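Enquirer: Here it is, the structure in full.
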Amino acid sequence: PLIVIGGSSDRNQETMGAFQEFPQVEAGRLYNKLSVRPSSLEVIPAVIEKAVRTSMYGRPGSCYIDIPGDFVNLQVNKSSVKYTECCLPPPISLAERSAVSKAASVIAFSQQPLLIIGKGAAYSHAENNVRKLVDLCGLPFLPTPMAKGVVPDNHPNCVAAARSTALQHADVIILLGARLNWILHFGLPPRYRQDVKIIQIDICAEELGNNVRPAATLLGDINAVTEQLLEEFNRRSWKYPSNSEWWQKLREKIKNNEERSKGLALQKSLPMNYYTVFHHIRELIPKDCILVSEGANTMDIGRTMLPNFYPRQRLDAGTFGTMGVGLGFAIAAAMVARDRTPGRRVVCIEGDSAFGFSGMEVETICRYNLPILIIVVNNNGIYTGLNANSWEEMLKFGDPATCVPPVSLLPNAHYEKIMSAFGGKGYFVKTPEELQNALKASVTDKQTPSLINVMIDPQSERKKQEFPWLTRSNL
């Protein structure tokens, strides 16, 4: 839920070509649950109340309120203002009992079940009930990116390391506040079985049945509906056997994938690869930190390599995959953490191209003295780049605008100097030892913002997968 208040040109200058004149309300309707301009000063409180209510009720979302410039200096009789009380908390809706019973029956007859935990479960604060459901029913589960931590990533039923296998072979999938969009490959073959049965649990009725016809639909608040399922399974006394062939297959795949990742993480060659960098980050950052991440390979590999143990402590580029949001997210998270959980660190892990979109927000971080740790995983490009020697060779052929691949960035760019310029601490690292030292110093210093610019192999990529989480064609 988000309320955006924006200024616009004076009402009496509309259609005249006023300064920054733009149809903001109309444009905002494409992206917001509510997009409105108050008709007068008197109705502003009522408009604000509706925006607050709309942003929170049902599936949460953003609302835009447009304030004309001439409102700023207008005056109005106080008695004519339409004051209104703040809205009530969002109503908690339950699924139909028959739907709960049907869903439980489908799950109980499954041979290869899979629970997918979405960010709707995180928003609903359903972590206690979801964990009870996982433990009671013995279900293997996958978290979507921003649902990581609803059930801790180190829970024995987490099968994130066997994600492709789990999705491809599950015969029953329970979607708990997750959407069948591109992140979950739309729920379609070949990423899923042709005959897979989908049980959809969502607060948004319009989402039910999107892309795949579900075997059961449970409309309601995720936390409340999960509690309904718990009651149903307590009556049935059903638990999926931990020694099944399905569990054996998943555990074998998890073991193989973790060994491959570990092999890459422990490589001694220089420049470092992604897995080596994330291995050291994982070992040294606080387990309760708020993780912010964006980039291409940086964000995707970070999802698999950096565990979350608590809910609502991971922010990334989300459904739209928008680059440039990381530092803004980190600033907001640090401001909230400073007021509500003093001492909790914000760690922002960026690809070099993603950092470039909003790198000057480092000044904001330093201006407000927010002890954010920024780690730029620098491969000199988008997905892949060029090392310094290859860059020089390409320049021999002429203008870089025509000779150098457009996804390549300047080799060995010193992004850490941006942090140093504004009074924070910057580190330029090339080896695991330098990375460890920089991480230890940054984590220990709880007062000063810092940026670690980590140089990696420009050709480093993710390990080969049967079904990549994200391919270039998705972008």
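Every residue gets a Cβ built from N, Cα and C, even glycine.
Dumping what TrEMBL says about this protein:
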type	residues	note
DOMAIN	100-229	domain 'Thiamine pyrophosphate enzyme central'
DOMAIN	299-454	domain 'Thiamine pyrophosphate enzyme TPP-binding'
TRANSMEM	317-337	transmembrane segment
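Give me the structural setting of these features: burial, nearby parts and distances.
Expert: Mean pLDDT across the domain 'Thiamine pyrophosphate enzyme central' (100-229) comes to 97 in this model.
Same-chain residues lying 6 or more positions outside the transmembrane segment (317-337) and placing a CB less than 8 Å from one of its CB atoms are 145-146, 179, 181-183, 290, 292-295, 299, 344-346, 348, 350, 353-355, 357-359, 361-362, 364-365, 368, 370-372, 374, 474-475.
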Enquirer: Quick one: DSSP breakdown of the domain 'Thiamine pyrophosphate enzyme central' (100-229) into helix, strand and coil?
Expert: 55 helix, 24 strand, 51 coil
